[in-house]
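Student: So TrEMBL lists these for the protein:
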- 24-166: domain 'Lactate/malate dehydrogenase N-terminal' (DOMAIN)
- Gly30, Ala31, Gly32, Gly33, Gly34, Ile35, Gly36, Asp56, Asn115, Ile138, Ser139, Asn140, Met249: NAD(+) binding site (BINDING)
- Arg102, Arg108, Asn140, Arg174: substrate binding site (BINDING)
- 168-334: domain 'Lactate/malate dehydrogenase C-terminal' (DOMAIN)
- His198: active site, proton acceptor (ACT_SITE)
Amino acid sequence: MFARSAARAALNSRSFSSSAARHTKVAVLGAGGGIGQPLSLLLKTNPLVTSLSLYDIRGAPGVAADVSHIDTASEVNGYPADKLDQALEGVEVVVIPAGVPRKPGMTRDDLFNTNASIVRDLASAVARVSPQAHILVISNPVNSTVPIVASVLEKAGVFDPRRVFGVTTLDVVRARRFLAGVTGNHPKDTGVTVVGGHSGKTIVPLLSQTSYGKGLDKETWSQLVHRIQFGGDEVVKAKDGAGSATLSMAYAGAKFTDSLLRGLSGEKGVITPTFVKSDLFADQGIEFFSSNVELGPNGVEKIHPLGPISAEEQQLLNECLPDLKSNIEKGRKFVEQS
């Protein structure tokens, strides 16, 4: 009895909204995978989700049957490989964790050829069936898969830059947790804006913008930045070939989905970093960038400037931009050549 009460308390304590102002049909494409299964479970607990549509080439009906027993109000339906269009009918938010996971020694770029094709095909289906849906891209490498989605939608004549998001929330979650660890504070007090992209040196944590991060000595700061940038490698190594950061990514994906749902519901002041089409560095040929974005009824309502940053963070940004530009161009070229 205690365990059940504790589990219920843990779910209730999550940062998911309890507002019932607006309810939404959400699809998870890749629901049978290591991220998709826990992500589907977490979305089932979100009161802003009316209907959950779970799709994968394998296992989605089983995941749906399992998750559907959770005692929340949303309906759950699972769809096999040949029912993608049905899975997308009437969907307002599409979350895409589909793809192969990273293994030891692999970079996010190593994933590109397989995951690029998967994301391209899923984006084509969304463009055909639910062109007005908001698309949340988790599949790596996000720096390239988001441009792939945008290019597919552009080809179909349905691209709305306010409705396509790269989910970089795991970088924000890690930064908050790791900063709390080195300063001895609670993570709720150590929020960090993370900008740039979603791999390695393209991840730029703006620690100087927080009171706790500002006071770090140089060595601690350097170690913390490296851990935030390469935290995924830590998990891949610890899992010893058995997968990548699936559970924490599912949590981060559910967290960002909740932020978007709250914004779509009309809640004001919902601001979080996400990788979107942006003018911040467009003059340098970088058309997508993660920064603080205000979410609202239209999706992206406002892209915030970076604000004041330290000399060290400027150096991180300088190192980020060339790699990020290359990643974006790689995604664009993939669609052009396919």
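A Cβ is built for glycine as well, from the same backbone N, Cα and C atoms used for every other residue.
Note: TrEMBL annotation is automatic and uncurated.
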Student: Among the binding-site residues listed here, Gly34, Gly36, which has the most company in the form of other Cβ atoms within 10 Å of its Cβ?
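Tutor: That would be Gly36, with the most Cβ atoms nearby.
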Student: If you pair up every Cα among Gly30, Ala31, Gly32, Gly33, Gly34, Ile35, Gly36, Asp56, Asn115, Ile138, Ser139, Asn140, Met249, the residues annotated as binding NAD(+), what's the maximum separation in angstrom, rounded to an integer?
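Tutor: Result: 18 Å between the two most distant Cα atoms.
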Student: Just the number: how many Å between the Cα atoms of Asn140 (substrate binding site) and Gly36 (NAD(+) binding site)?
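Tutor: Cα-Cα distance, Asn140 (substrate binding site) to Gly36 (NAD(+) binding site): 14 Å.
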Student: Fewest other C-beta atoms within 10 angstroms of its own C-beta: which of the recorded positions Arg174, His198 fits that?
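Tutor: Taking Arg174, His198 as the recorded positions, the minimal 10 Å Cβ count falls on Arg174.
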Student: What's the CA to CA span in angstrom from Asn115 (NAD(+) binding site) over to His198 (active site, proton acceptor)?
Tutor: 15
Student: Non-local Cβ contacts of Ser139 (NAD(+) binding site) (under 8 Å, 6 or more apart, same chain)?
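Tutor: Listed in sequence order, they are Gly30, Ile96, Pro97, Ala98, Gly99, Asn115, Ile118, Val119, Thr145.
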Student: So what sits near Met249 (NAD(+) binding site) in its own chain, CB-to-CB under 8 Å and at least six residues off in sequence?
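Tutor: Residues satisfying the criterion: Ile35, Leu39, Pro97, Ile138, Leu170.
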Student: Considering the binding-site residues Asn115, Asn140, which residue's Cβ sits among the greatest number of other Cβ atoms within 10 Å?
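Tutor: Comparing the binding-site residues Asn115, Asn140, the most crowded Cβ belongs to Asn140.
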